[in-house]
Amino acid sequence: MQNELDAYFEYLRSARQLSGHSLDAYRRDLDKVLTYCERERIAGWRDLQGRHLRHLIAEQHRQGQSSRSLARLLSSVRGLYRYLNQEGLCEHDPATGLSAPKGERRLPRLLDTDRAMQLLDGGVEDDFIARRDQAMLELFYSSGLRLSELVGLNLDQLDLAAGLVRVLGKGNKVRELPVGSKAREALQAWLPLRTLAGPADGAVFIGQQGRRLGARAVQLRVRQAGVRELGQHLHPHMLRHSFASHLLESSQDLRSVQELLGHADIGTTQIYTHLDFQHLAKVYDHAHPRAKRKQDTDT
């Protein structure tokens, strides 16, 4: 079974060109299935049945795995069996008809508008690291980039004159995003300093040795900016969530927000309508004269 898994991972890496992060997620999920098969003495992928997966999902759920994680595990199994069927190694999919237990959907954490402005409007020193970090923060918030999209960004994807950035998102889909004036200013201040570092390639964001910044380095810089400016931990996806929520709050155009985020399914984007409702509810509670009725003291 391990041999088939290794061949599948190589297929994902070479033919599907999945990122290392996505490959790691597939590997974690399918390693759980393989461990279960070894424990239950299931000899091969042909022998794995729906009842086995139901047992594994129930077991993982009891151990505290979230519904989202279990849904991803089932998706990983379906992907594996599509490959096995294409290769003539199997003729069934044990995940057919199975779904993860429904759980309470967690709303993403984000910054409100005032906190976002506080983060971005702090003074910026005129040095390599400060200018680079400011440009990253502004671009995350201006254009709603994923971490992988920012890390992989090259100069030929930027058109600052037109105020556009072209990013390669999930599924190798290219989308064109606007770059706001503040982000353009931050990038224009950063790019001359980038050139002085002798960049090794066309990466927009590099370290002082000229090499492209990795995902962990970007996460660290964003976290440090959050602690310094806001006194809280901050991660890149919070800026993407903030971009989406603030844009939806102002425009009420869910379909456009979906396109900007690169979501294949509008259901994924609809989570931000719940966040917008939370904001409206807070405004209502604070401002409406009959939102909070005083307890009647008459007897």
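Heads up, the Cβ atoms here are built off N, Cα and C, so glycines get one too.
Here Swiss-Prot flags 1-85 as domain 'Core-binding (CB)', drawing on sequence analysis. The domain 'Tyr recombinase' feature in Swiss-Prot is assigned to 106-285. The active site annotation in Swiss-Prot covers R146, K170, H237, R240, H263 and is backed by sequence analysis. The active site, O-(3'-phospho-DNA)-tyrosine intermediate annotation in Swiss-Prot covers Y272, and the record cites sequence analysis as its basis.
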Review point. How do the residues of the domain 'Core-binding (CB)' (1-85) split into helix, strand and coil according to DSSP?
Key: 68 helix, 0 strand, 17 coil
Point to revise | Using Cα positions only, nearest of the active-site residues to K170 (active site) (R146, H237, R240) | key: R146
Review point. Could you tell me the C-alpha distance between H237 (active site) and R146 (active site) in angstrom, no decimals?
Key: 7
Revision key, fill the gap. Same chain, |i - j| six or more, Cβ under 8 Å of R240 (active site); the result in sequence order is F140, G144, L145, R146, L261
Revision key, fill the gap. Averaging pLDDT over all residues of the domain 'Core-binding (CB)' (1-85) gives 89
Exercise for review: Measure the Cβ-based neighbour count of H237 (active site), defined as the other Cβ atoms within 10 Å of its Cβ.
Suggested key: 16
Revision key, fill the gap. DSSP says R240 (active site), in three-state terms, is helix
